[in-house]
C-alpha cells in the first residue's frame, strides 16, 4: 500500500535551513552477528538539515544500520564521523551526548510514566543540578525545572497532544504512543533525529500526521532527520535523499527520482527473474 | 500512667522500629528497580557491613575513622556485585538473577566470618539504651535514647534517598532504567553508572541498617535475618515504590507492636514475630501490587 502526502505539507522549494556540510558520515561499515553478515561495507553521508531515508526490503539491514549510528551495535569494521569528529566506537550514551536522539521500531516508552514524564525524561542530558541543589531548591535547580517544563510544553503543543498530557502512555493507542516517542526524542533538542519506521502499523491519517510532524521538525528546528521506512510512497515524498539497502549491501543512493529509476532497486523491490 | 500515654509509648516504639524496616526495604526497592532482581544477599550485606565496621574498630581505629572505611568497603562490595555478578547476567530471567543473589549471600556470609571470625560482638555507639529522663518525668513514657537516635538516623537516610531517587537527575534516570533499558540508553542515561550507583547505595544502606540493629542486639549472624523483616514491608508497600515501603515499614512496625501489646497476651505472646507476615498475606489477597506498587494489568 502506498499513500500520497498532500502537496500542501510537502517542502517548498526554498528551505528555511539550506543543506550544510555532512553532519554524519559512515565509512565502510561492516557488521556481523556470528556467521550472519548483517551489513557489508556500507558508506554514505547525511548533510546538515537534510531528511535522509534508509529503505530496503525486510531483513535488508536497515535497523542494524540505525543501531550502528546510535551505538547499540558496534560494527567490526568502519568508522562513524559525527560533526567532523571521527569515532572508532560509538556508545548509546556518547551518541546522546553528541545530539543524536532516536525512536524505536517497537515503541520503547517508559510505560509506567505519563506522557509528560516520558517527554521530561528526554531532557535528562539538559539537566545539571546536583542532589543538594535540588534538595535545597537552589536557583539553578529551579531555573532548570522551569526551562525543561517550557521546552516540554512547547513540544506537547507542537505534536498536538495537550489533551493526553497526564495520561499513562500504556493506555494510549499505538499512533499516539509513536508521537510521544517522537516527543521524547525532540525534548533532547537533537541535532540528528533517527526514526526507526515512524509510520509502521499506522493508518493513512496517522501516517499523514506523522509526515507533517517530521517535515515540520526539519523545517522549524532545522533538525537533520535519518529515517527508516517501509512505505515507498511516503519515503519518496518526504526525503531529500535515499539510501537503499538489500541483503546488507548498499544498492542505491540518491534523490528519490534517481533511486526510483535505479534498476537494482526495482529488482530488489519487485524481484527479478533468475 | 494514663492509658493514652501507654498507647503512644507503644506506638512510638513501633514507628521507630518501623522506620528501620523501611530503611532495609529501601535497599531492596532500589535494586529491584535498577536490576529487576529481589536481592537475596541484602541480609548478608547488612551482616558483612556491620561486622566490617566493628572489625575495623577492633583494629584500633576510632568511630569517625572506621565509619568512612566501612562505607568505602560497602561501596566497593556493592559495585563489585553489580560488575561481576549482575552485569554478566544482564537480560537473563529474573529466576536466574535471584539464584545468583542467593549464591552471593552464601559467599558474603562466608567471607564475613572468614575475615572477622564468628564471635558475637558488641557495638557501642556511645548512645545508651535507656529511657529519656524528661519524657519519663513528664508523661511516664519509656522511650529509649537509642531508639530515638536510630529512628532519626533512619528517617534522615530514608528521606534523602527518597529525594535522591525521585526528584533529581539520578532519580529520573533510575525510573527510566526501571521501565525500559533500551529507551533509557537512547536518551543518554549511563546505564552502568546508574547500576553501580544503586548497588553502592544498597551497600551503604546495609551498613547503616546493620549499625542501628547491631547496637541494639549485638553484631551476630542473626542480623542476616533482618532482611526477612523487610519482606512483608515490600509486599505491603510494593516492590517498586519508594514511598510505598516507607509507609509500609511504619505500618508494619506500629501494628506489630500494638498487636503484640494489646492482643498478644491472648495468644500467649510472641505475636509480633508472625503478625507482619499475616498482614502481608492479607495484602496479597486484596491488593497484590502493594499500597503504591504498579498495578498489574494483563490484557487478554
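Using the three backbone atoms N, Cα and C, a Cβ is placed for every residue, glycine included.
Given the structure is predicted, the values throughout are model-derived calculations rather than measurements.
Annotated features in TrEMBL:
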- B:6-30: transmembrane segment (TRANSMEM)
- B:37-57: transmembrane segment (TRANSMEM)
- B:63-85: transmembrane segment (TRANSMEM)
- B:97-116: transmembrane segment (TRANSMEM)
- B:142-165: transmembrane segment (TRANSMEM)
- B:194-213: transmembrane segment (TRANSMEM)
- B:233-255: transmembrane segment (TRANSMEM)
- B:267-286: transmembrane segment (TRANSMEM)
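If you count C-beta pairs under 8 angstroms between the transmembrane segment (B:6-30) and each of B:63-85, B:233-255, B:267-286, the highest count goes to B:233-255. Tertiary neighbourhood of the transmembrane segment (B:233-255): same-chain residues 11, 14-26, 28-29, 32-33, 38, 158, 161-162, 165-166, 178, 275-276, 279-280, 283-284, 289-294, selected by CB-CB distance under 8 Å and a gap of 6+ residues from either end. When Cβ distances are compared across the two stretches, the transmembrane segment (B:194-213) makes contact with the transmembrane segment (B:37-57), since 3 or more pairs at least 6 residues apart fall below 8 angstroms.
Outside the transmembrane segment (B:267-286) by six or more residues, the chain places 229, 231-233, 235-236, 251-252, 255-257, 259-260 with a CB less than 8 A from a CB of the stretch.
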